[in-house]
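**Student:** I have a structure I would like to understand better, so I am pasting it below and will then ask my questions one at a time.
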Amino acid sequence: MPLEGYESEIDDFQSDDATWVLASTFIIFTMQSGFGLLESGSVSTRNEVNIMVKNAADVICGGFTYWMLGYAFSFGTDPGTNPFCGIGHFFVNADDKSIGWVYSKFFFQASFATTATTIVSGTWVHVVGGINGLVATILLKPRHGRFQSKYPPQMGSPTNAVLGMFMLWWGWLGFNCGSTFGISGSKWKLAARSAVATLNSSMAGGMTGLLLSYVTKRRKLDVSYLINGVLGALVSITALCALAEPWEGIVIGVVGSLIACMGAELLIKLKVDDPVGCVPVHGFCGIWGLLSVGIFGKVDTLSGTSASAGLIYSGSFWLLGIQSIGVLSLIVWTAVIAFVFLKLIDVTVGLRLPLDQELLGSDLVEHDIGDNIYDKVTGTIRPRVLDGPASEDESIPWSSTVAFSLPLYRIPSVVGSLEYVQRIASLTSDSHVLGDKNHFTHLHQLYNRRISESYHRRALSRSRRSNPPAKRGNAARRQGVWTISMSENQVLNSDDKNPDRPHSLSVKSCKKSRVGDAGGCKRMSIHRDA
């Protein structure tokens, strides 16, 4: 494999350098576990397994495609290489002379590439991941019911989230110190300085997050402030860690922590739903980290990697201006590319689960985790374990779950649209929904919110067109928001095993003109023959 342009690097690369790079990369790969724990702990318990599977898929798919294509576009030197991307070294391979350098570099860079996909995380990678996350959250729109209360949803497992923070903290030391790509010559000194700057920044960021929470959260220590404070400081120091003095690391970490914590609050004000703090931690703090180079940067007298000083040490805005142009270029490029690809996915296979599947949770819908099994083809649910012995031809017992056969968000809550309401559910139970009465209560709340006003209007319009005025009665003159409340009627004896008996669903449709006014309600029983 031709390696024009890298001959000197290969000749200078020693066995100790390879050992350092490989050991650092092993540590960096543990960040996948940290991201998985942090993300799964931050979302609801209905989605935590899916988050862990996503992190595994990042490594599997991201690492494989980086071996095939990514490394070539990043470091290729074959004819056709241009300032935009490299060409060559596809399907990475090496000869005996270059094997140590090539494979160490591929392994190290692959760990960065897969980490970037996990964030959607060097500092430009953080900016790319954060902007990708921002575009994705805007396209996805908030989770159902996210901003209907002034209180944020509870973390699924704060313990896992904090444990994930610790694992990321550990991985970040390998991330920053390993970026020297060796310890020969003066590189080991840069690695040592990187370690101190990274540690100081993270400790200052964590302290700032805790103090900010104590002051603004009525003397409470908010877990998200702690996590965002530490991680925001780590992101912020990444760009300058090899050149930053200890005190500079503290300043950069404090500012980064403030940006991460207050940025998360800003997104809430703007109603941008970012469950894991990806945008403020990686996007906003990544921007600050790049700009901090233009402020605190200095000439590198150890390895010569930096020949320009920043604002503080030179009094010139030149380096800060260069960094600002780089930040702007990254934001524009990433936002455009992310929007194009995410929108293409959205209009083809879809970015977001339908509302009924979102309420059930990705663990059940995508992985059959739980007491039930979800059929993605028919949209129905059946219990995993039947009561008592069962054979293949035996019907599901009456004490099992209700299986919904129509996406919940498509249910029009309008009197007169009985033909639609009749398709709400295929009942196999007398008292349970998804094995959990609390979930049934949640569905009541779901219907009593304005979740699908467009469907309501369309259904009312269809009702007016399909039903003559004599049959509609006063329905044609009614306006406002309609709500549905459901309750099941037991129509079978507990010992009745006859699958041919009908099931029923009682639906009450009401028009509320003011709070507490239940007038104008109609109740109908919908029967379904098995």
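The backbone N, Cα and C atoms fix where each Cβ goes, glycine too.
Bear in mind that TrEMBL entries carry predicted annotations, made automatically and left uncurated.
TrEMBL lists these features:
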type	residues	note
COMPBIAS	482-493	compositional bias 'Polar residues'
COMPBIAS	494-503	compositional bias 'Basic and acidic residues'
DOMAIN	122-368	domain 'Ammonium transporter AmtB-like'
REGION	457-530	region 'Disordered'
TRANSMEM	20-39	transmembrane segment
TRANSMEM	51-73	transmembrane segment
TRANSMEM	119-140	transmembrane segment
TRANSMEM	161-183	transmembrane segment
TRANSMEM	195-216	transmembrane segment
TRANSMEM	223-244	transmembrane segment
TRANSMEM	250-268	transmembrane segment
TRANSMEM	275-297	transmembrane segment
TRANSMEM	317-342	transmembrane segment
**Student:** Near the transmembrane segment (317-342), which same-chain residues lie under 8 Å Cβ to Cβ, leaving out any that are not at least 6 residues past its ends?
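**Tutor:** For the transmembrane segment (317-342), the sequence-distant neighbours (Cβ-Cβ under 8 Å, at least 6 residues beyond its ends) are 124, 127-128, 131-132, 134-136, 139, 287, 290-291, 293-295, 297, 308-311, 351.
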**Student:** Give the nonlocal contacts of the transmembrane segment (223-244) in its own chain as ranges (CB under 8 Å, at least six residues past its ends).
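**Tutor:** For the transmembrane segment (223-244), the nonlocal Cβ contacts are 38, 42, 121-123, 126, 155, 158, 161-162, 165, 168-169, 172, 175-176, 179-180, 190-191, 193-194, 197-198, 201-202, 204-210, 212-213, 217, 252-257, 259-261, 264, 277, 280-282, 284-286, 288-290, 292-293, 296-298, 300, 305-306.
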**Student:** Sort out the residues at least 6 away from either end of the transmembrane segment (275-297), same chain, that have Cβ-Cβ distances under 8 Å to it, and list them.
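**Tutor:** Result: 38-39, 42-43, 119-121, 123-127, 129-131, 133-134, 137, 143, 224, 227-228, 231-233, 235-240, 243-244, 248, 251-252, 255-256, 259-264, 266-267, 306, 308-313, 317, 319-324, 326-327, 331.
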